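**Q** The structure under discussion is supplied below as structure tokens; questions concerning it will follow.
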Amino acid sequence: MSKTVLESNLSKDIVESDKDSYKALFAIKNYSLLIVGQLVSAIGDGVYALTLIWTMKVLTGSAVLMSFVLAAEIIPTIIFGIFAGVLVDRGNQKKYMVIADIFRGLVILSIALLLIGGYLSPWMLIVATIITSSFNALFSPAKTVAIRKIVPEHLMARAQSLSATIQTIVGLLAPAIAGVLIVYSLPTAFIFNAATFFISLICIAFIKQKSLTEKSETKLNFKNFSVDLKTGLKTIIAVPILRGMIVYLVLINFMLAPVSILFPMFVKNASELAIVQIAFAIGILIGSLTINFFSKTKKIIPMILGLILLLGAFATLAFVENIVVVALMVSIAGLGSIFASIILQTLFMIKVPSEVLGRSQSTMRVLLESSKPISLMLTGTLLAHFSISNLFLGISIFGSIVVLLMVLNPAIRKESNE
């Protein structure tokens with residue numbers, strides 16, 4: 001009798017395990033198509049990120065113009081991101097993803113052709129960056145909503161875990177690929193990125209999910225648009241822990257934005273830049289594997305620990321030049337960054353209702369990105385008067401003050417106990 005019950009329970013556990021497995025997740029054809037396409041295009045994005053900043057360095061050698069091209073990546077997110085979220089939530093997410101991939105692929109291909117012909121100038125690179133970033137602002141919330149619609153709730157945790165794993169894989173592969181391609185030729189690196197967008201386009205085109213092509217029955221006018229826009233902000237404000245941390249997160253983004261300029265200026269060549277990026281990805285991998293040790297702790301603990309590791313690593317970079325030590329410190333920074341990032345992403349996915357997820361994600365992204373252009377422009381100017389080491393130290397001091405204020409905030413401490 002007990003043996004029969006034991007076998008029955010064991011069979012039930014196996015069935016439940018299968019239902020909640022990666023095998024079950026990949027059995028969803030539409031999800032497999034979406035995630036494969038995104039893996040490929042994410043690698044292309046990683047290559048593009050390094051190639052873009054290195055191209056501006058080769059063309060001009062100017063920290064100010066490097067800050068301009070990085071700001072050009074962010075400003076469209078701020079301007080168009082929140083509106084894109086409203087459009088995406090009103091339906092037809094597949095169409096928006098397809099349009100975004102087409103235009104991003106064509107623009108990146110144009111950069112490669114201009115480079116080959118010797119016609120590329122700094123202002124062209126900045127304009128191209130603005131265009132691609134504008135379509136990124138459309139694609140990102142569309143993809144988030146698509147995953148939510150395609151993946152059943154009981155598999156959502158698996159899907160989020162897989163997304164984190166993919167980002168880690170991309171972080172390891174993309175810098176290595178970028179380093180090789182940049183050394184070979186800059187146009188080749190851009191062509192590679194364009195090709196990944198077209199592969200993503202093909203994958204998305206084969207997705208057959210009715211809910212991704214449905215449109216809202218309500219006609220979009222200024223009044224409805226304004227209501228939808230306000231809903232995204234109200235949704236974030238309604239989540240106490242997100243509301244309590246938003247000012248601090250904006251300040252942290254302001255503090256970290258200069259890093260994207262400092263590292264390319266800090267290293268001697270593209271190979272060292274690739275090493276730094278790979279080291280950061282290794283730190284992210286270690287963080288992804290160890291974050292579960294904090295599953296039973298207060299929400300704020302791994303986030304604060306991550307920020308302390310990040311700031312401590314940057315402070316050390318102010319005093320070292322050896323590439324091995326630099327890579328070690330960057331790995332620690334990657335470990336810290338993923339601790340903070342995973343907690344915030346998990347809170348967001350769990351707390352925000354699916355029907356307003358697109359506009360809420362866009363609103364949150366706009367709020368967090370809003371301080372970056374000012375920070376980048378300021379960095380380009382400061383580099384004319386201060387050393388890179390001094391700026392790394394300044395980032396650490398400023399960040400430490402922000403973290404201390406966050407810890408002392410009674411509202412955040414109260415929410416973190418839940």
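Cβ atoms here come from the backbone N, Cα and C positions, even for glycine.
The domain 'Major facilitator superfamily (MFS) profile' feature in TrEMBL is assigned to 30-417. Under the heading transmembrane segment, TrEMBL lists 31-56, 62-86, 98-117, 123-142, 162-184, 190-207, 246-267, 273-294, 301-320, 326-350, 394-412.
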**Q** Applying the under-8 angstroms CB criterion, which one of 31-56, 62-86, 98-117, 190-207, 246-267 scores highest with the transmembrane segment (301-320)?
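**A** Per the Cβ under 8 Å count, 246-267.
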**Q** Mind pulling out the one from 31-56, 123-142, 162-184, 190-207, 246-267 with the most Cβ pairs under 8 angstroms to the transmembrane segment (98-117)?
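**A** Stretch with maximum Cβ contacts: 190-207.
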**Q** Could you tell me whether the transmembrane segment (394-412) and the transmembrane segment (246-267) are in contact, taking contact to mean 3+ Cβ pairs under 8 Å with a sequence separation of 6 or more?
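**A** Contact between the transmembrane segment (394-412) and the transmembrane segment (246-267): present, because at least 3 Cβ pairs are under 8 Å.
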**Q** For the transmembrane segment (162-184), find every same-chain residue at least 6 residues outside the stretch whose CB is under 8 Å from a CB in it, and list them.
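**A** Same-chain residues near the transmembrane segment (162-184) but 6 or more away: 22, 25, 35, 38-39, 42-43, 45-47, 49-51, 54, 147, 192, 270-271, 273-278, 280-282, 284-285, 288, 334, 338, 342.
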